[in-house]
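Below: the structure, in structure tokens.
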Amino acid sequence: MRRTVMDKRERWVNRGRSNHFLDVEIDNENHGNLLMDKRERRVIRGRSNLFLDVEIDNENHGNLNSIKEKKEEKPQEFFIKIMEAQANQTLRKTLLVINSIILAIGNCGSPLLLRLYFVKGGKRIWLSSWLQTAAWPIIFIPLLISYVHRRKTDQGPKKSKLILMKYQVFLATASIGLLTGLDDYFYGYGAARLPVSTSAIIIATQLAFTALFAFLLVKQKFTAYSVNAIVLLTVGSAVLGLHASSDRPKGESNKMYVLGFLMTLAAAALYGLILPMVELMYMKAKQPITYTLVLEIQLVMCFFATAFCTVGMLINNDFQAISREAREYELGETKYYIVLVSCAIVSQCFFMGAIGVIFCASSLLSGIMIAVLLPVTEILAVIFFNEKFQAEKAVALVLSLWGFVSYFYGDISKTKLEEERKDERIIPSQATGMT
């Protein structure tokens, strides 16, 4: 008489913890011979549990030949791994905070210093573009510190590598660096023609371009809130465009002002492409992405961007004009060079912070932080340059802030929903294991 198909499950309970169980399937046609066993292991509250290896011999009608009890991982080793993971997470959060502060300094200070150069007598656009990445040798300082640290901590016969970047990553970084140089020129041209309060709002549209290119390149998902933010930022930029001539500096033609507006918008669009390209490079790199490697990437990017602008300066004879421009500068020759050096250092803070935030989080978060600092830049521009703050700027600023709040709320809601779904998947699986 055939036996009915049965699923016998035995479960051991050790002080409330589900350690292991066996699923035994019975096959009627083979008279109840044991065909297979499914081995499952549960790790509850950081404890590594035991499991059984069951060897089945079908030829002997499913007799258990042997049962071997093994321990997969020692509890001490498991706890060490947990602690290392928590330490890495803490380090990443610390790096995110540090890079966010560096990004804030560069994002707010760079446009003010760049505008100061033009307002007080500076006229060289290629020079202003060159200044944005010219301080790249500063990156050698943290790279040297990182190398010395690796030499002390690395164990084994292999020596620590001086350069971590592989050839493929170098080529991709160099290409992005050339695009960054072009973006610097667009931004420098806009800074020469537009007030800081106007250019800052236009640059805020970078968030919309970053979201779009992040969707295309790294499959960043859109939500209703992110779409709403993009629309609001675009409308805010359009409001400024409709009243473009209302804050035109004295002595500047309407044509040059509009061209500056369009060049600034192009700078926002191009940098909105660069950020996801950097994130895509991180994803495609066939090597571990460490913070030291991120610094090397930043150095190579800024080097090639500076080289791009250097060619422009040579063609435009900007190097020969620096000494003459310094003598004619309204603040004096010494302060002229102080402004140039300060602009280079603060601009480098912007790029280092942006790349660092991408490493610790994402390109979209980097774009959001750049846009969120808009009100700070606006206030500083009004304070230091006595710029007019017309009604259309107020409307554009409100729309931009509305867009930021919309995006942040959507991002928080999305994160909360994903956590709830994850909990829903975990709870049924735990309940199944206890039945």
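Cβ atoms are placed via backbone N, Cα and C, with glycine included.
With a threshold of 8 Å between CB atoms, the same-chain residues lying at least 6 positions outside the transmembrane segment (96-118) that come near it are 128, 131-132, 188, 191-192, 195-196, 199-200, 203, 339-340, 342-343, 346-354, 356-357, 359-361, 366, 369-370, 373, 376-377, 380-381, 384-385. Summarising the annotation, TrEMBL assigns transmembrane segment to 96-118 (among others).
If you look up TrEMBL, you'll see 130-148 (among others) marked as transmembrane segment.
Residues or ranges marked as transmembrane segment by TrEMBL: 169-187 (among others).
If you look up TrEMBL, you'll see 199-218 (among others) marked as transmembrane segment. Long-range neighbours of the transmembrane segment (199-218) within the same chain, counting only residues 6 or more positions beyond its ends whose Cβ lies under 8 Å from a Cβ of the stretch, are 111, 187, 190-191, 226, 229-230, 233-234, 236-237, 240, 260-261, 264-265, 267-269, 271-273, 275-277, 279-280, 283, 362-364, 366-368, 370-371, 374, 377-378, 381, 393, 396-397, 400, 403-404, 407.
The feature transmembrane segment is assigned by TrEMBL to 256-278 (among others). Sequence-remote contacts of a segment are chain residues at least 6 beyond its ends whose Cβ falls under 8 Å from one of its Cβ atoms, and for the transmembrane segment (256-278) they are 176, 179-180, 182-183, 186-187, 189-194, 198-199, 202-210, 212-214, 216-218, 220, 237, 240-241, 244-245, 248-249, 297, 354-355, 358, 363-364, 366-367.
Same-chain residues lying 6+ beyond the ends of the transmembrane segment (290-316) with a Cβ under 8 Å from its Cβ atoms: 95, 124, 126-127, 129-130, 132-136, 139-140, 142-143, 146-147, 150, 163-165, 169-170, 173-174, 176-178, 180-182, 184-185, 278, 281, 348, 351-352, 355-356, 359. The transmembrane segment annotation in TrEMBL covers 290-316 (among others).
Among residues of the same chain six or more beyond the transmembrane segment (336-361), those with a C-beta under 8 A of the stretch's C-beta atoms are 92-93, 95-96, 98-107, 109-110, 113-114, 116-117, 120, 122, 127-128, 131-136, 138-139, 180, 275, 278-279, 282, 289, 291, 294-295, 297-298, 301-302, 325-326, 329, 369-370. Annotation source TrEMBL lists transmembrane segment at 336-361 (among others).
The feature transmembrane segment is assigned by TrEMBL to 368-385 (among others).
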For the transmembrane segment (368-385), give me same-chain residues lying six or more residues beyond its boundaries with a C-beta closer than 8 angstroms to one of its C-beta atoms, as numbers and ranges.
100, 103-104, 107-108, 111-112, 115-116, 119, 195-197, 200-201, 203-204, 206-207, 233, 354, 357, 393, 397, 400-401, 403-404, 407-408
